[in-house]
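Undergrad: Pasting the feature list from Swiss-Prot:
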- 53-63: compositional bias 'Polar residues' (COMPBIAS)
- 98-111: compositional bias 'Polar residues' (COMPBIAS)
- 119-132: compositional bias 'Polar residues' (COMPBIAS)
- 133-169: compositional bias 'Basic residues' (COMPBIAS)
- 175-194: compositional bias 'Basic and acidic residues' (COMPBIAS)
- 52-71: region 'Disordered' (REGION)
- 86-194: region 'Disordered' (REGION)
Amino acid sequence: MGPSGAGTRGGQAQFQWEEVRNDKQKGRYLGQSIYAASGRWAEGKDLEWWSKGRTTQSAINSENSDKEKYKKEILEIKEREQRMLAEALGLPQPSALALTSSKAANRSSTNTEKDSRSIAHSTSRSRSTSPANRHRRKEKERTRSNHRHGSHRRHEPYRTHLSRHHRHSTTNYHSKRDDRYERRREHSPNDGGS
């Protein structure tokens with residue numbers, strides 16, 4: 001005997017709504033309608049309930065311990081990278097205690113006002129407004145930009161896009177050719193002239 005017309009999976013005779021109503025985990029049974037609502041049923045519902053933390057104290061404690069484990073794992077990876085880098089560069093191996101103490105020293109020294117002032121002073125460039133310094137700065141910038149873009153040739157007006165050697169060789173070639181042509185014209189018998 002096949003399934004009844006009321007359902008395709010069968011078991012309709014055994015199904016009781018009362019059992020579902022009394023079940024503590026009825027959301028698991030009606031998962032599609034309650035936990036993954038769609039359309040107008042999704043209005044006002046938190047559709048990302050699954051990505052949020054749990055509310056029981058044991059679940060919160062386990063999440064916190066997982067976060068601590070993750071932090072420790074990342075710290076171990078960084079220390080391992082430091083050791084491998086020191087080994088590759090031929091430096092002495094840093095100990096774990098030295099790594100943690102150097103991190104603490106770095107944190108305390110970067111927060112001091114004196115260090116921040118000295119860093120700011122060392123990074124700031126002196127911009128004197130005297131004409132000599134201004135001229136020197138402009139010359140330096142000009143040579144830097146000329147060197148960068150190959151525009152140092154622009155300052156010599158006799159140069160073309162051709163190299164000096166090529167330009168001279170072609171100029172000499174053309175002038176010699178023109179001279180030969182002129183000489184031939186002068187000595188040719190078909191002048192029709194004298």
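Numbering starts at 1 and runs along the chain as displayed.
Cβ atoms here come from the backbone N, Cα and C positions, even for glycine.
Give me the structural setting of these features: burial, nearby parts and distances.
TA: Secondary structure of the region 'Disordered' (52-71) per DSSP (helix as H, G, I; strand as E, B; remaining residues coil): 15 helix, 0 strand, 5 coil.
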Undergrad: By Cβ distance under 8 Å, which residues at least 6 away from the ends of the region 'Disordered' (52-71) in the same chain are close to it?
TA: 46
